[in-house]
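Comments concern the structure below.
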Amino acid sequence: MAADGDPAAGAGPDVEAHALLRASSSSSDEDPEQCAFEPAEKIVVSIAADPDADEEDLFSATGRAPPFSWRKLWLFTGPGFLMSIAFLDPGNLEGDLQAGATAGDTLLWLLLWATAMGLLVQLLAARLGVATGKNLAELCRDEYPDWVRRALWLMAEVSMVSADIQEVIGSAIAIKILSRGFLPIWAGVVITALDCFIFLSIENYGVRKLEALFAVLIAIMAWSFAWMFIETKPNGKDLIVGLLVPKLSSRTLRQAVGIVGCVITPHNVFLHSALVQSRKVDQNKEYQVREALRYYSIESTMALVVPFMINLFVTTVFAKGFYGTEEARTIGLENAGQYLQEKFGGDYFPILSIWGVGLLAAGTSSTITGTYAGQFIMDGFLNWRLKKWMRAMITRSFAIVPTIVVALYFNASESALDVLNEWLNVLQSVQIPFSLIPLITLVSKEQVMGVFKIGLTTQIVTWTVASLPILINGYLLLDFFSSEIRGAVSGSFLCVAVVAYAAFLLYLILRCTELPNHVFTPVKNKDASFT
């Protein structure tokens, strides 16, 4: 996303002070224990198209970044694909299959627009990280009072852990499917916990090796679900109509809300703002920041095309097989593979195994990115000086320990996983505003972003887009609690919690925006005229 307006326009004292602050803090930014990536880990991407040309002089003379380079795009490619894993976690896949089984192809248009909405949010996260050299958690630590910082950290941790539990459970279900039931859910959880060590060992060989691992996992998912899509032969006309013609009814409202609610993953916003710092960009050189933003915009867009297609495959496969059937009301991650096998399987089409492989790749990749995000969240908010292996172990333990307890309980209660998923979805829905609001307010703030702050038009569009998942998840929460909460005491407690929640959101909105200044400045000027 390009900066709005003339780069030189509006560069007042606050912008100059911000630039000086960044320059003066460059030495501290090089402290390996305070950066998302150590200086030696960052990838150098400054490759001039003409070896004899000076890119900075070219930008000063023309006001434009250097010409597009495919090689540079390749060097910038990676962070967006790690970010895109959040659009393919087991929770999303479960939402896809339930939407397809319940609503057929009628919600594909919503999947398309929801992915576009998620792209906008992720582009803002990348913009924040590139322009400031800090991730969202670090900026929240700098911008907010201590009690707000701790509250936001707690919310981010709850969101990350709740998402991680679903991802670990999804991997465990895949392991159970692939072992033909030999390994129970709890054993799959223990095996999944070991991916933390895989992550640590690969990260030691460089960030590009880690990105290559995720490229392989995404390719496995794409292959698995594309094979299912081709073999089940969905109706092409219904698919195109579903993508282009908006349809929504009261019967499919819950599935529609689920699709939108899965798009914004709070910890993924923190993750992407940190991942873009894996490339070496000098924030004091405007042409480098602009160039990085251009390549990251292209890369993030390409990265989200892949998960959109995979989600499309899953939705249409289950729409073809189960829309309008009795199984549509009971289908979920664990029994979906068996239902697929009974419907489409055969001697030459092992669809159960294909489903298990795709689900395992989704769960494994998303748990690793969850661990990665947990490290950035912990470092950014708390500024803890810990070794990477220790941070990863702490982050992984937050999710694995409660997941093992749940998995052991699930072996004795068939309905436990469904109840767990409902509550985990509620927890993640509650957290969405606590990543979106700080992101939008900070990226709109000139003192933080300098000339790279978003303009008024972009702010209006962004706030409009962000309000949709917040309002939709508010509806989900009210619907959920109205069915779960009984009695005057619990109802009163819920009312108090809602008021406190709304007050905190209002504080976050007003704390970093210029709205209070616009409201109270005219009053102050009027009072001054009488003195």
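Glycine is no exception: its Cβ is also placed from the backbone N, Cα and C atoms.
From a predicted model like this one, the values you see are computed outputs, not experimental measurements.
The region 'Disordered' annotation in TrEMBL covers 1-35. As annotated by TrEMBL, compositional bias 'Low complexity' applies to 1-14. The transmembrane segment feature in TrEMBL is assigned to 108-130, 181-200, 212-230, 256-275, 296-319, 348-372, 393-411, 423-442, 454-476, 488-510.
Contact between the transmembrane segment (423-442) and the transmembrane segment (256-275) holds: at least three of their C-beta pairs are under 8 Å, each pair 6 or more apart in sequence. The stretch from 108-130, 256-275, 296-319, 488-510 with the most CB pairs below 8 A to the transmembrane segment (212-230) is 296-319. Taking every listed stretch (181-200, 256-275, 348-372, 454-476, 488-510) in turn, the largest tally of C-beta pairs under 8 A with the transmembrane segment (108-130) is reached by 256-275. For the transmembrane segment (454-476), the most Cβ-contacting stretch among 256-275, 296-319, 348-372, 488-510 is 256-275 (pairs under 8 Å). Most Cβ pairs under 8 A with the transmembrane segment (256-275) among the ranges 296-319, 348-372, 488-510 are made by 348-372.
Same-chain residues lying 6 or more positions outside the transmembrane segment (296-319) and placing a CB less than 8 Å from one of its CB atoms are 1, 73, 76-81, 83-85, 87-88, 92-93, 96-101, 103-105, 107-108, 111-112, 115, 118-119, 122-123, 126, 130, 218, 221-222, 225-226, 228-229, 232, 234, 238-239, 272, 276, 331, 336, 340.
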